Each structure stands twice: as C-alpha cells, then as structure tokens.
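Trainee: Okay, these came from TrEMBL:
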DOMAIN    519-1009  domain 'USP'
COMPBIAS  797-822  compositional bias 'Basic and acidic residues'
REGION    797-856  region 'Disordered'
COMPBIAS  823-850  compositional bias 'Polar residues'
BINDING   1063, 1065, 1172, 1224  divalent metal cation binding site
C-alpha cells in the first residue's frame, strides 16, 4: 500500500481522522514547492528551469478507460492492485468496498463489502484469492467474492500495508502500520505467528526484494531486513521530512517524499535513487512533475513511473539521470478537485491503473491489444442458464410435432360453457324518428323520403368505447413532433401527478421534488395552471411589497388575496411544504370577466384541447389590468406621482419635449388635433406602466386624436417576412412602436375610414411585462426561422474553426485535408432525441442517414425547409434547417432571446432597443445610450407529444438576493425552475433554452437593473391592525342572531406568547378521488377540496379564560357537496345569508383577524391545527402551534382522537351527537393544561403508556358509545 492512504493522526501529509482524502488539491500544492519554496499550483502549472510545463498525451501510453467505481464520488479510491494471475484489476475505496474489473475494458466482475465503516488500506491478489487490509482487520475472499476468513487481533491497531514474501517464504504475510511492531501472518494455517519490532515510527510502506524486505517509516527512513530472521541489515535516510512512496527493482530503490526547508515541509522535486550494490545514494533524478507516487515498470530494467497528486505523470529512466528530464509526460483526465491517491502497474507493462479521491479509475494502456499479464489464467465466469429451444411463430416450415404434448388433468381454458358458445348477432339499430313520422304504409311496406343524412346502403353501428379505449396519449408512442423528430421532455419539466398515502398530504415526502428553501404551489386545485405566474409576481420585489401592504374592505379582492398568499410563501420558507392558492383562486373565479374570457377551468375540461400558451398570456394581461384597477386612486391625490414620473423620465429616459410642436404646425395647415388624457394612476402602474400616446389619424380628413394612456405590457408582433436575420430586440422595438392601418370610425367624417394608428412613448416602465404571442403558425415559423439562422451561423463558424485546425495540422496535402474535414466536422445530419443536453456539439461519429425520399415537386419545390430529396441540390440541402435545430437538444449555449436589452427613448417618442450578451450584461449600466433591462422571469409552455393531455406551464425565475437572505442562505441571485411543487436550481442558459420541439416561451419579464429607490420600496407595511376587531357585522338577513361569543376589549388583545384555543369546522366542495389496488392498499389520487365553515377562538388566559371571542360561520358562494354534519355540526342553511341564524361573516373578515393574531406571535392550542390552517389557507410558524395530537403521542403508534383523550384524561364525553367547535377548543385547552401538569410532575411518559394500554383494551372507543374510530 502506498503512503498516500495514511490518515490517523498523520499531520505531515495533511490528513485527519474525519476525511482520508482532501477534495481541495491546494493542500498538496502547499507541500510540493519549487526550488525557492514557491507553492505548486493546483491547476497543474509549475515552474521549471528549461521546460514550460505543458503536458502532451502523444506517447506510448494513452488513456483508454475511465469508470466511476461503486460508491460514486462519495468514497475515494484508497487501494488499487492489478492481479498477477488473471486479467483483473482490484479496487478498494474509503467506504470499505472492494470491486474487481475484467480485462482492459474494465467490465465489472465482482463487488462486495469488506467492512462497514473502515476503509481499504491495501489489496493483494495471490493464488488462492484476494487479501484486503483495513485498519483493524485482515480479510480474505475468493476472486468470486466468497468469504474465506477474517482475522482480527489486538496487535492490529492502525494497519497501513502488507506484503507477501516470495520464493520459499510465500506462506508468510507481513502486516505493517502506525505501530511499533510488524505482524507476521501464516497464510497456510490462517493464524498470526509473531511480531517484529520496527520502532516507534512504524512501518507504512512495504516492498519485496529477492534479498531483502524493505519498509519505510514516517521520518523518511528506509530499512532493509533479512527475510529469514527479519533482522535489520541496512537503512537509508531518503528524505529529511517524510516519505511519500518508494519502490524496489533489481539494484535500485527509488523514493519520493518531503523535506524540511526553512522550518516547513515541502515536497521534493527530485526522485532519490539508491544503488543496492554500493548501499548509497546514486544521482538524484529531477522530475518533470512533482513526485507523489512512483513505481518501477516491470519488464524494463530501469523505467520508473512518477505521478503527481493533481494528475500529471511521466516515465523516467533511473539508469540515465542526465536524460531523465526528457522522458515522456502524460495528463490524467480527472476532475480538477480530485487527487490521485494510488496507482499500480501491470506485470506486462502494457497497462497502468490510477485511482482518485472522487471515486474514479483511470486506465492507461499501450499497444493494440493490451493485457495485464503475459500469461494469465482463465477467469472463471458464471454459468449461464440453459437456453430452451424456441420456435418463431412466423416459421411455416417448423415441425409442430417437436412440441411435446401436454395432457391436462382439468378442463382447458378453451372449453367454454355452452351458454358462451351461442352465435350472437348485432342488434338492429332503431329507425330514425324523422323517417317514422313521414312514413307511408302500403300493404306491409313503408315508404319515406330520403333524409340524406347517411351514406347509401350503409348503416353505422355505434360501439361503446368507454371501456378498454386507448387514450390519446398512446396514439403517439414515440413522442414525435410535427417535423417527425423524436421528443423527450426532461422529468423536471413534465406535469407532476402525485399519489398520496393513507394519511394524505401529511405523510408525503415533498423533499424529492423540492430541496430548496423556497415553497412551491399545490397543483391539485382547479385553475392551478396559473401557478407559474403567481410565483413570477411573488419574486418581483416591488410588486410583492405592494401586494402585502394592501388591505381593503372588498370581499373578493385579488390584491388582498395575493398579499395573503405572498405572506404564506414568506412564512413557508424552509418548511419544505407547498402552499395552497385556494383563497386567491376562489376570488379569481368570482370575477365575471374572468369567466367571460374563459380563464377559469373545471376538472372536467380536457387538457389536451386547452391552449395553455394562449390562456396564460390572457391571464397575464387580465390580472395585471385587474390589479391596476383594484389599486386605482383619485388622480387628484396623485399629482406628486405625475411630477415624479416626469422627473424620473427626464433624468433617465430623455423625455420628448417636442411633441407639442406638431400641434401648432398641423393647426396652421388646417389639420385638427384632438388630445385626450385617459391615464389612470395606481401603484401597479408605477411598477409596470409606461406613459404612451396613442395617435389615430384619418387618412381622408387628417383628423388626429392623441390619447394619453398607461400601457402595462407589450404584445410581441412578428414580421410576416422570413427573409434575413433580425435581433430579438428589433422585434420588441417594432412591437412597441407598431404602426398599422385599419378601418375605424372617424368623428370628423362621421363614417368608417382607413385610420392610421401608431404609438409614441413618454416614459419607459421599470418592469417590462411581455406576452410572446406565438399563437399562430406564421409567428412560430418566424421564431423557428430565427433559430435556424442563428444555429446555421454557429455551425458554419465551428466548421471554419475545424478547417483551420486541419489546415494547420496537414498543411497543403489536399487529400489528407479533405479526409480530416470529413472526420472533424460536426455531423448535424442526425436529429437526435431531445433530452437534457450532455454534449456541446453533435457527435461526429453518428451514422449518416439513409437517402431521403424524392420530393413530388422536384426542382419546382419552393419550400426552403422541405425534408425530401431534390435533384440538382446539394446533399442534405433540403434537410438542413431541421438538422440545425437539433443542436438545441444538445446544448444550452445558444439562444435567440438575449439575457438583457438596452432601451433608449428617442426625441420623437420611438424606442430604440439593442441586445446585450451575457458577457456584456455583467458590466452594463444605465448611461446616455439608454437604460439596461435584464431578464428576470420566463413562463414557458411544455407540450409532450407522447402525452397531449399533460400539457404543462413552468416558470424560470431569477430569485433576487433579498429572498435568499430571507431564506437564511447566501445573498446572491440565482435562477430556479418552478413546476408547481417542484423547484430546481438551474443556470441562466437553461432559462433561455427553448427546444422548439416541446418548450415555447409565453411570458417574459424584464426589470431595469437600476430601479428608482424613491418610487419602489421592497419593504412591505403590514396593513392588518387591531382595527380588524372593531367592526363585526353579520351577513344574516333574517331571524334572530345567536351571539355565542364575547368580543375582545382593548385591554384583552393577545400579545406575543399568549394562548388562544382554536378549532375549525369544514364542508366538502369536492369529494376525494382514490383508487384501491388489487392488494388492498388505498392510494389518494386527488385529495378532497374542503372549505372552512366555522372558526372559533377562545381566550387561553385571563379572568374570562375559556370564553370564546370569535365564533364566525363563513359564508360561501360555491356549491357544497357534503356538509359533513356528523363531524362538523354544520347544517344546510347555516351558511346561507337568507336563512342562517348564525353569526355569518365573510372568509376575508375572519381571515384578517387570524392573521393579526399570527403576526402578534400568539400561540394557538388545538387538535389537528395543521389541517385546520391548511384549509383556512394560512401558514403559521411551527413555534406558534401547540397541537394536542402530537403532545399525547408516542412514536411508532397511532394518533389519538380528541374524543378519547377527553374521556381518558378529563373524564369528559364530548362529540356525542355532532361536533361543536367551542366544545372542541375548550377541551384542547384543558388537555394542554393537563399536559403541562403531567410534565411538571414527571408522570408524562407513564401516563402515555397507560393511555395506549387503555386505548388498545377499549379498541379506541369511548365506553358506552357506539361510534367508529
């Protein structure tokens, strides 16, 4: 075993007890320095007298294989040994696992665990099997992995290496380590025989020699022993600091290590070579790489392989010190963070195996057919099961007599009962009622006129296809798009369909979808297709602060509900549980305009027929306008906003002051100019709005109307022409200043006339919201054509680079140059399967496609993207665009959409935009050339051709540093992929990655890099104050109201840490959807949708302890399918304002009261509070919840109901007929007081055991009452 695996307490090499291999190669760089003590660079560069240090791979050896061993990168390779008997390589890692690989192809042969916790220090292969050494044990296995013996003794304390002696002493095995004695083990008797004293510095390296047993210790000393008596014969002080590795061959001992220079240990740049004939140091060899490990190459008298810790190695000639520095050098293709920890050389000298600290094996070979040994034994392979003779069904010449006859003892399946063997006929379809009504009977024959609604002499039969009908998803099994290219959507983009266990959402592991600190949104609710846009709004800091600072008295207000939802997302950070947008979606469904625009969906809608790309853009446009409308204020109160808007624009966007001049000019020419100011000011308009002047001009009378409006978003309009390449910013510029002519009413002409329309901007928005369109085939063709032109340029540049490299390599030899171009040019003629990109460019080794079918139009075909063959065209000319687009499925590097744009407002009101690349965006700032917009969010439509009913919408959002600070992580900006409950970190390249086969952008959000601080605050103001308890009106319109609570007074308001007992009752809006498998297990496909019907809060302390201060029945406008009267106590009519006699309120009125208590830090006591607050749609910090379900629960046992707890501890019988929330809340408060009493007396554990014993005895039913558990 080499010295690199030393760990326990060996501070010389930088190891510690917790980690064997350091993943930072800088630790080795500090040890291996140059002549002047300079540290060796971890990147692989080092100083030298005559060489510049660039390594090449042109030599005898080439890296042929690299495999990731068992244990992946969690465990580094700690030992490697090439078998001297068979064509096997043995590997041991720091996790105690041993694996063997067959031949130079490194096919896995055997794999087994030697020790559960200790690493493998050394491996030795001999005739009978494999010896594996751990720090405290010696294990022997056969080459097939069968255990032979395991030896442990007190003398095996911290073993490091082992050596089997040769010749007549082959039964002797020496074991050395960080201890004063060397242990000798007899392999024949399988027992420990004796111990040899080696000194306090121990024995960390053992090497064999025909005349000596050589061992090295921690001080850099090499000792030679007599193999018969183990007496010390000679010793060398190889290095003044420590010994790293050494090897013995013939008359030479080569060493490498560390020396003490100026009070610190630094790695020696020299390999010390000792001559055993003279027993002294020969000339040292100057190594080209910092020596860390070394081995003599068998078969070559003085050839030495020297390895550095960061992956460079070289071959040196120990017999020619003057020419050693000119030897061949190689580079191991390893990860920069990895460290080469061990290596071994095959006995044939044709293979060298390296192991690194990240769990990879690297094999270097030489020759066309390399082997590990010149004469290897045959490796035993497992016996394959005997293959039975088969007969193809299509073989008409096969003899059926060869099939043995089976004589059954029971009836065959084909022997059906007689009633199933009767001949059945299709039923006659009924005659059309229209025919019967017009039929005239003549004798026994009826005559009627032909209705011409059926084909002649054909009667269609209607079959019941409901059972066994194939879904539409199976029609496209291969998942090909419209162009015939196979599409594979990555898992993280697909629509999630989760199945809950018997406990529903409580036992579901959300960590498998979201390992970030942020919270996702549940997708089981109707209209949850808008989840990506909700996340987009949340991560726009000014909008989040605005929504959370708003509170009004309207029952259904989207701004209020968004603020409540954003508060839930804030509180849920780090809890790993998704939030529910049920209250927001309920308010959204109540807006009549949303239903009129078909923005609301039901569970019965077929997702395959819904155009989600168009719907989410309509949702974005509608909700922005709705938020703007709901936050509107009187313009008179916003004169300061107008002036601020104009002042900010003058400073940053160069406001146009000449727009008033055309009015005078046109008036002199007789033109009529009418100005209308229809701007509406709101906080939402400050964020998203831009001051736009819409100009309508009649082409006949030149009458103009100038309307000052506020624009909240931009709809992209694409050119109709496909010729030429244009930038994305030019399309945006054209869309913002669109000029068009259409028929409209002219007030001056009093008739419809052609009207010219255009827009001019006075200010630019701070947040630029953009709908991409792409809802027509023409727009999508333009989008696709721009990607084709972009990728064609990329391909041509790549070919030019490869051509220049070939010219430089082959000179003027035209034949060799053409062959090199064919070999090196990336093959773009194969449209592969779209997947997560793993290659930067297409594989040049991909096979060429078969000749395409000829086009029916021949040379007259005008389609530039025709996929068929045309005579006279170059090969592949017609197929080029589709093949170029396949590059999008192999790399994320190229995108037509830029990460940033620069916008400048011109004096005439037009906007000039230009793209900003990723490298330019880092240093881009606002200047006289315009302001900088950077992309902060993309909502994309995911369409999988294999599953058309699983269309999906996802959002790629750049989360700002403020959100990371709130989540208690580093203050950085990072991109994330939001797919409902799934949140995955991604790079900026993936956000701009649009494979045309399945991912289409729908909504883009751009944000100014420098937002005006005076108009945008990212800190919200909590609008919920104690005034929410002031007015408490009931919605019930008739009858006498029963007041069951006493409102809080001013001096009773709960504060931080005060107790409030709470309980809620619910009704069902949708029943649960579940399936029962054949094994009887039950899986919830879709949980039931509940709505809160009653909320009760009780004082937890004070003179009125136990008295309710809140007992509200919640009015609902949605259809209730089950009132759950037995469990909720709610009856039909209790929630109807026309019939209820209860204290009926809106959900929002009660919700803000609970929010006030949560914000004040009140502690809630109840039974099943987690479920209660989930249905109420509120997230409460776990520190503020005291749940009696968990207080009286023992691990690995069932939860106990409130009814049984009250009977057992309080001797009360509750819930006898129906549930009452006041009674349940009081009981929960009493149980918490009982819990505090038991805990203070130290009787809690004993009482819990008594509780479960009584429950099992009574079958968890209260005695005297018959009720199901």
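Even glycines carry a Cβ here, placed using N, Cα and C.
Values in this document were obtained by computation on a predicted structure and should not be read as measured data.
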Trainee: Hey, what's the Cβ neighbour count for residue 1224 (divalent metal cation binding site) at 10 Å?
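Mentor: Counting Cβ neighbours of residue 1224 (divalent metal cation binding site) within 10 Å gives 26.
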Trainee: If you skip the near sequence neighbours and keep only those at least six away, which residues in the chain come within under 8 angstroms of residue 1065 (divalent metal cation binding site), Cβ to Cβ?
Mentor: 1092, 1093, 1094, 1124, 1127, 1128, 1129, 1130, 1219, 1221
Trainee: Taking the Cβ of residue 1172 (divalent metal cation binding site) as reference, which residues of that chain separated by at least 6 in sequence fall under 8 Å from it?
Mentor: 1062, 1063, 1064, 1166
Trainee: So around the divalent metal cation site, 1063, 1065, 1172, 1224 aside, which residues have their CB within 8 A of the centroid of those CB atoms?
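Mentor: Close Cβ neighbours, site residues excluded: 1062, 1064, 1094, 1095, 1096, 1166, 1167, 1168, 1219, 1221, 1225.
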Trainee: CB neighbours of residue 1063 (divalent metal cation binding site) within 10 A?
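Mentor: For residue 1063 (divalent metal cation binding site), the 10 Å Cβ neighbour count is 29.
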